[in-house]
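Per Swiss-Prot, these features apply:
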BINDING   131-138, 201-205, 255-258  GTP binding site
COMPBIAS  17-33  compositional bias 'Acidic residues'
DOMAIN    122-408  domain 'tr-type G'
REGION    1-40  region 'Disordered'
REGION    131-138  region 'G1'
REGION    175-179  region 'G2'
REGION    201-204  region 'G3'
REGION    255-258  region 'G4'
């Protein structure tokens with residue numbers, strides 16, 4: 001059998017055919033044929049048909065083929081960008097501000113005219129509107145905005161005002177102001193002369209008094225808005241003291257005068273008594289707050305520094321403007337000032353003789369203010385509200401006003417606004433008051449610079465600021481930061497004192513920690529944009545002259561609270577403006593953490609922005625790692641947490657229950673001299689502690705006495721006011737924990753026992769240790785307060801190597817702690833001053849609510865001219881959480897309260913008494929509170945429950961202590 005006929009598997013394949021052989025030969029010939037040759041239907045070899053490996057394939061054209069030879073292309077690796085950063089960032093537009101319609105930005109004067117007024121400081125007035133909550137500051141601003149803009153801030157349909165300077169959505173929802181917002185308005189006086197009035201509308205709630213502090217720093221005067229019905233309330237009192245301390249002139253606007261007519265329904269004579277009483281109370285507070293009351297002008301309508309107004313009805317006047325209106329109405333040429341001076345006080349008009357006299361006419365009569373001002377005002381209100389059209393027409397005609405027939409078809413409130421605004425005209429009287437009693441930036445420069453600038457008076461910068469020199473060195477004081485619409489960065493708001501700030505200019509940004517000796521807190525930034533801030537819109541400008549307020553972009557990166565801007569190229573020493581001095585303290589704190597731990601960096605960044613946005617807010621990290629926020633009260637912290645969640649971090653945040661800050665103090669002198677040796681056993685410090693004199697801590701905090709005084713000044717002050725001996729008064733080394741701290745360190749050593757040169761050599765180290773200890777006390781790491789530390793003995797090594805700061809600082813801190821613990825230590829808690837408005841039948845319930853919370857009433861008096869009572873009380877801050885809700889519940893919502901920090905008080909009980917047993921879920925007795933507060937505070941901070949004596953007492957000190965007391969139980973101290 002022929003094997004070639006079968007395959008490998010035995011299948012028959014048959015013999016080879018001739019045609020198959022020819023086909024194979026032809027294929028071999030084709031493979032050998034040259035390219036371009038002709039061989040049947042195949043003519044060329046296409047390279048694209050060759051087999052190409054996957055890694056060699058070309059899927060897309062190269063960049064040169066697409067863009068050409070002249071275009072440079074850059075290729076970045078895929079891992080150059082973090083995973084958290086999106087390739088295309090979404091546009092962040094957080095709607096936290098109220099939008100503005102284009103028509104609402106149109107003013108009666110051109111923008112160029114407004115900018116031109118900025119260059120003439122004599123035509124500029126910088127003021128802040130301050131006052132109590134709901135006294136009408138924002139609505140009064142609405143009236144001024146309406147008179148300068150082609151718009152109406154009043155909605156006739158729902159009888160509500162726009163609240164133009166409440167730019168945040170939550171401000172509109174809560175019906176309170178949270179942030180201070182400026183506006184620059186061109187107002188005309190009675191002679192039709194235009195002035196640029198930079199006005200800052202500040203919050204009236206005492207929780208946000210830090211905004212008022214930042215505003216007063218930029219202002220040359222304070223305009224107090226006082227409710228005619230309520231009178232002077234707690235925030236007005238505090239604002240008066242604040243303005244006096246800042247050396248600012250004061251003018252008053254008695255607002256809501258129509259409440260005396262429509263709500264209280266007082267007769268005109270009683271309304272006059274009510275207004276006069278309000279002015280007397282203001283003058284009493286001014287006199288009480290001033291150290292030299294003789295230099296302060298009293299508030300007197302006859303002097304022109306009082307304006308009567310109703311923001312809701314859209315009218316305002318002074319006695320001078322009312323007298324001018326009478327002169328114009330009757331066409332009589334008269335001395336307006338003399339006539340105005342007779343419209344206030346016990347002055348009567350005698351119609352028979354046509355003269356004014358201090359005695360009433362025969363048969364009786366009303367005072368001139370009642371006869372010429374209140375009675376016509378009452379007549380307008382009564383007739384418009386009574387809807388007597390004919391009588392209204394007659395009354396308005398007597399005053400020279402005619403309204404159209406369509407006007408009388410309006411509702412009562414719009415008709416009242418129209419009638420009053422037609423009678424009283426524009427706010428020219430208010431402008432006259434500002435021009436006459438508030439100095440221009442040039443006139444106020446010396447007083448402002450002396451109060452806020454830390455440099456010397458013999459420097460060129462000081463002279464330029466006093467002169468408001470536009471060609472001098474640039475100096476800008478920044479006190480406020482406003483977030484942009486995406487809340488990623490801030491624009492800063494400040495006042496130019498000298499020089500001219502321009503866009504594109506490089507400036508040095510000096511922080512609060514800057515000094516010519518330590519330039520670490522300094523950066524150089526470029527000003528990218530400048531605006532005039534107009535609440536809901538901004539006017540771009542290219543430069544800002546001295547005396548102007550300006551909003552600045554591009555310099556916020558290193559600013560936390562306040563800053564000083566100066567020329568980047570200026571070579572002389574530059575000092576900063578002082579940090580803001582607030583009239584309250586942030587004593588309420590809460591801890592926060594993100595719901596998702598991976599979002600902690602976002603929350604930390606949000607907390608940093610919170611610190612920028614809120615002047616008094618303090619954010620810090622405890623030793624336990626928790627992030628805490630300190631604020632003035634519950635409302636303040638609520639606003640902060642809302643902004644943290646919705647604006648600045650956009651993460652879900654968990655918030656702990658609020659707690660309070662404590663202080664540590666002593667009530668007796670140290671029971672023995674306490675000493676501590678340095679680690680190298682070459683030095684030894686001996687110290688005792690004792691309480692400070694009553695009132696001294698407040699004097700230090702208020703700046704009545706300063707550690708920067710020389711020894712003679714300090715000696716005279718302490719010797720005359722606190723009866724210190726001259727040697728002790730001149731031995732003061734430092735205040736602690738800072739220059740305005742409420743603790744004092746004295747060198748009470750004898751020159752015969754201690755080498756003075758060696759003591760002076762280690763003075764700085766001992767002071768640092770003392771201030772470190774005063775900042776964090778031994779009980780629960782809270783600041784020490786009201787303690788005097790005396791160095792009674794010291795053994796200092798003569799070799800500098802053995803008495804270095806590393807040896808002396810911790811030793812000074814330790815001996816201060818031991819002296820403190822041997823002086824009967826106590827805890828101090830913050831206490832609120834509470835002012836409650838209530839009807840008389842709710843006073844008993846208020847006493848009950850306060851007594852349950854360790855509070856007590858100091859006075860309850862009727863509010864003059866009203867059916868309400870004013871209850872004044874003190875309440876520990878730690879007991880205040882939920883107090884307002886509790887109060888409203890027990891009074892059926894009829895009582896309204898405001899609370900503000902007032903003083904520190906000692907907590908009942910001994911915090912070191914280990915015999916006290918704290919039981920969970922049970923209220924502690926009053927005498928156990930100090931122990932409970934200390935233990936819980938230490939737990940929260942991640943510390944051990946008890947104070948360990950081994951940490952603060954040397955072994956030799958413990959032995960001596962045991963010998964004197966016969967007990968070593970003090971290890972628990």
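Each residue, glycine too, has its Cβ placed from N, Cα and C.
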Exercise for review: Report, as numbers and ranges, every residue of the chain located at least six residues beyond the region 'G3' (201-204) whose Cβ falls under 8 Å of a Cβ in that stretch; write 'none' if there are none.
Suggested key: 128-135, 137-138, 141, 165, 176-183, 211-212, 215, 235, 535
**Study point:** Same-chain residues at least 6 beyond the ends of the region 'G4' (255-258) whose Cβ lies under 8 Å from its Cβ atoms
**Key:** 135-136, 140, 225-229, 271, 275, 308-313, 377, 381
Exercise for review: Enumerate same-chain residues with a sequence separation of six or more from residue 131 (GTP binding site) and a Cβ-Cβ distance below 8 A; give 'none' if the list is empty.
Suggested key: 137, 204, 224, 225, 226, 235, 236, 239
Review point. So what sits near residue 202 (GTP binding site) in its own chain, CB-to-CB under 8 Å and at least six residues off in sequence?
Key: 128, 129, 130, 137, 177, 180, 211, 212, 215
Study note, to complete from the structure: Counting Cβ atoms within 10 Å of each Cβ, the densest environment among the binding-site residues 134, 205 belongs to 205
Practice item. Would you report the average pLDDT that the model assigns to the region 'G1' (131-138)? Key: 95
Review point. If you count Cβ atoms within 10 Å of the Cβ of residue 137 (GTP binding site), leaving out that atom itself, what do you get?
Key: 27
**Study point:** CB contacts for residue 257 (GTP binding site) [other CB atoms within 10 A, all chains]
**Key:** 24
Point to revise | Summary of DSSP states over the region 'G1' (131-138), given as helix, strand and coil counts | key: 2 helix, 1 strand, 5 coil
Check your understanding: How does the region 'G4' (255-258) divide up by DSSP, counting helix, then strand, then coil residues?
Key -> 0 helix, 1 strand, 3 coil
Check your understanding: Can you tell me how the residues of the region 'G2' (175-179) break down into helix, strand and coil by DSSP?
Key -> 0 helix, 0 strand, 5 coil
Exercise for review: Give the three-state DSSP assignment (helix, strand or coil) for residue 202 (GTP binding site).
Suggested key: coil
